Amino acid sequence: MIDGAPPSDPPEPSQHEELPDRLRVHSLARTLGTTSRRVLDALTALDGRVRSAHSTVDRVDAVRVRDLLATHLETAGVLAASVHAPEASEEPESRLMLETQETRNADVERPHYMPLFVAPQPIPEPLADDEDVDDGPDYVADDSDADDEGQLDRPANRRRRRGRRGRGRGRGEQGGSDGDPVDQQSEPRAQQFTSADAAETDDGDDRDSEDTEAGDNGEDENGSLEAGNRRRRRRRRRKSASGDDNDAALEGPLPDDPPNTVVHERVPRAGDKAGNSQDGGSGSTEIKGIDGSTRLEAKRQRRRDGRDAGRRRPPVLSEAEFLARREAVERVMVVRDRVRTEPPLPGTRYTQIAVLEDGIVVEHFVTSAASASLVGNIYLGIVQNVLPSMEAAFVDIGRGRNGVLYAGEVNWDAAGLGGADRKIEQALKPGDYVVVQVSKDPVGHKGARLTTQVSLAGRFLVYVPGASSTGISRKLPDTERQRLKEILREVVPSDAGVIIRTASEGVKEDDIRADVARLRERWEQIEAKAQETKEKAAGAAVALYEEPDVLVKVIRDLFNEDFVGLIVSGDEAWNTINEYVNSVAPELVSKLTKYESADGPDGQSAPDVFTVHRIDEQLAKAMDRKVWLPSGGTLVIDRTEAMTVIDVNTGKFTGAGGNLEQTVTKNNLEAAEEIVRQLRLRDIGGIVVIDFIDMVLESNRDLVLRRLTESLARDRTRHQVSEVTSLGLVQLTRKRLGTGLIEAFSTSCPNCSGRGILLHADPVDSAAATGRKSEPGARRGKRSKKSRSEESSDRSMVAKVPVHAPGEHPMFKAMAAGLSSLAGRGDEESGEPAAELAEQAGDQPPTDLDDTAQADFEDTEDTDEDEDELDADEDLEDLDDEDLDEDLDVEDSDSDDEDSDEDAADADVDEEDAAGLDGSPGEVDVPGVTELAPTRPRRRVAGRPAGPPIRLD
């Protein structure tokens, strides 16, 4: 729609049929070329009802609205023409002024409604006085000659571009792309802009064509000098001081601006300056840092995320469920003391501890004098080096390899640093003495992990010197947590904090008080020894406190009233456990049992305690990569440098009724429980990613995730289940307790260095003789073995004979005899002698047979490939892009693959038989005289070409 067009005539009655019977308000507004607000106002004026843009109106109301809006438009157009009619008849001074004055629209009221599809008809309107332009006649007169030529060649509806004034473009261009003459470069910038507008006011509706690509219907299209100046003032921006020389004229308001005009200045960002100074980009390419310690900030973020997740996380188990599951599980601890029989330290003793729940091993620990754990030991170390960029310090603890102390593990209150100025280089200096505790054993090339936040573990609680808060395990019921809080208010000293363990459930106040007093006395002894060593300045690290053996630690942390019994095999282990339990928990002595391995009547030794409880068998299966589920599914556990990945497969489990969703969900539920058991048994720590089989229903996915979370409630170490990723992967983190099962009983392979592969200098050809790749698995295993055995039997039954001439070869003689018998039967009808057929058979070149066999083989492969492609397409359509075919491994279900294997094997035999017919020296295989190879019916495509049978009539 073009401004200046007069209102069209009222619609004819025939136009009423163009509107539908019923339409919405916004559709009617779009049809009439106006806004929904004006249509709603017209409807309210007609019947007084309040409607919205989505209300429905019938054809009668739509016609009334159209007539009403057309009447208002016609009245507004007549009034506008009558007011300015005397001024429009004035004679302009020149043709240029005529074109300029007739097309200027300054503050002239435009009709709000214009019917669609009406041809634009310009009407004469006067030129309103422009208050913003002071020297309009001067520059119009100066440029009349130059613009006259441009107006003669310019079309009436030429679209003008805003290339010079658009965002992101320079303002120093003075080209003639908009019809401006070259000699305008000497004029002020304001005069250039306004002269261009005066020369092209006939197409002012296209000033903002780059902003509105859809058309010119809903835009204000006046094109006057005042409107153009306002738009230019809004878009005017001042560049930086290092801009072009042409921007000097833009410092401050332009001459055509009214008084008190504000020029907005866009201050570039620091990132933009850095990016533009190098490569002109708008994004920052510099690495940014944070104020303070990065590790402390990461620690704060983890705490915030943990608190937020704790608020959103629903309770995993209620108190009743917690107590019921705790009492329902039968827990037994078995300890075995053995002598090492393999190098490098044969003859040394080691101890194994296994925790069984309902007869299934869920946790395993191993300890020896040579591989004692350092976790919990307290040392007076000496700072060797401080790395501010890594926010870490290396501390000598007297164990050969330096330990690493990160900034997040520094006790800042003890160091006298608080607030934001927490930098490790301010707290520690090389040569300083520092009391540290080992929080993680050295692994591989990494040293021990250290912390200055010392904690002493007791039987019922953990004593934290210098802390001011108390914590209670979330695994305890709410009522028990409240009881323990009241006890701690009276027991815990003001200069220390405690963390209540799950073993303190139901414990009396006197026992907790005694545990706190014992741990506090131990800490005072450690402080006194550290102070004495500092005064001596011996210059060497000193061990202030060492944790007891792993056997004692496991008994202290795990063995409580929940266990049915503790079975011990070995005199040394029995003496250690019996002495500790009598001193710490005399009420649990009745649950101790010593296993005696008496010899049998025939002199054979009794089975081992681990053999009796089938622990060795379960440990051997736990060291395998693949784990079988009770229903037949499998888990594949792979350990990488960054994380542990677990893949869930259905394996042999095909379901017992129901549909695929039920089968997959049942398999995933079993996998969730077994995954938690494997994590505890193998002591897997770090990031764990689980790939469950895809489920369609959201309720089933929530059920599997809930089962996984409930199973993890039995794990005593710290863990956290994160959200499910967009790919359907479940990710969680778990803290390792000690040495893992596989790490304790394995070493890296000397051949492949633990990679599991052997590298060769040349590429390895993994293709079989048939030209197809060998596919490992159970689908083709049976059939492939059968085919190979039959092929080997065929080869064993043939004899090696010298090469014959083509005509004397026994194969051709047998073929000739067969053809002669066929010809003999056909002589009665056709009368052809059999000798001719024999001659034709004898004269046939051997290459024809070779080609025939090759053609049969190629035809077989093509047919099988077509069938396989069809099956694959059908599977893709049925699964709807769900990746279930990799997870669902159904054995012996693809008969087409077996048939293709049979055809390929037959084709191989045919090729081998025909290989020696080309006259090459050597030996060929011929059937033996005394034994015949077993035959098998062959498929049609392998025996003869496709088509109807050929009759020799």
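Just so you know, glycine gets a Cβ as well, placed from its N, Cα and C.
Keep in mind it's a predicted model, so treat the numbers as computed, not measured.
The local packing around Asp647 (Mg(2+) binding site), expressed as other Cβ atoms within 10 Å of its Cβ over all shown chains, amounts to 18. As annotated by Swiss-Prot, Mg(2+) binding site applies to Asp647, Asp691, with the evidence given as similarity to another entry.
The Zn(2+) binding site annotation in Swiss-Prot covers Cys749, Cys752. DSSP classifies Cys752 (Zn(2+) binding site) as coil under the three-state reduction. Listed in sequence order, Leu758 are the same-chain residues at least 6 apart in sequence whose CB falls under 8 Å from the CB of Cys752 (Zn(2+) binding site).
The compositional bias 'Basic and acidic residues' feature in Swiss-Prot is assigned to 14-23 (among others).
Per Swiss-Prot, compositional bias 'Acidic residues' is recorded for 127-150 (among others).
What Swiss-Prot records for 157-169 (among others) is compositional bias 'Basic residues'.
Feature annotation from Swiss-Prot assigns compositional bias 'Polar residues' to 183-193.
Feature annotation from Swiss-Prot assigns compositional bias 'Acidic residues' to 199-223 (among others).
The compositional bias 'Basic residues' annotation in Swiss-Prot covers 230-240 (among others).
Under the heading compositional bias 'Basic and acidic residues', Swiss-Prot lists 263-272 (among others).
Annotation source Swiss-Prot lists compositional bias 'Basic and acidic residues' at 294-311 (among others).
As annotated by Swiss-Prot, compositional bias 'Acidic residues' applies to 848-915 (among others).
Taken from Swiss-Prot, the feature domain 'S1 motif' covers 376-453, and the record attributes it to sequence analysis.
Annotated region 'Disordered' per Swiss-Prot: 1-23 (among others), in sequence order.
Sequence annotations record features per position, and here Swiss-Prot assigns region 'Disordered' to 118-314 (among others).
Annotated region 'Disordered' per Swiss-Prot: 766-808 (among others), in sequence order.
Residues annotated as region 'Disordered' in Swiss-Prot: 822-953 (among others).
The two recorded residues, Asp691 (Mg(2+) binding site) and Cys749 (Zn(2+) binding site), have Cα atoms 28 Å apart. Put simply, Cys749 (Zn(2+) binding site) is 24 Å from Asp647 (Mg(2+) binding site) when counted between their Cα atoms. Residue environment of Cys749 (Zn(2+) binding site) contains 12 other Cβ atoms, counted within 10 Å of its Cβ in all protein chains.
Neighbour density for Asp691 (Mg(2+) binding site): within 10 A of its CB lie 18 other CB atoms from the protein chains shown. Using DSSP to sort the residues of the domain 'S1 motif' (376-453) gives these counts of helix, strand and coil: 11 helix, 32 strand, 35 coil.
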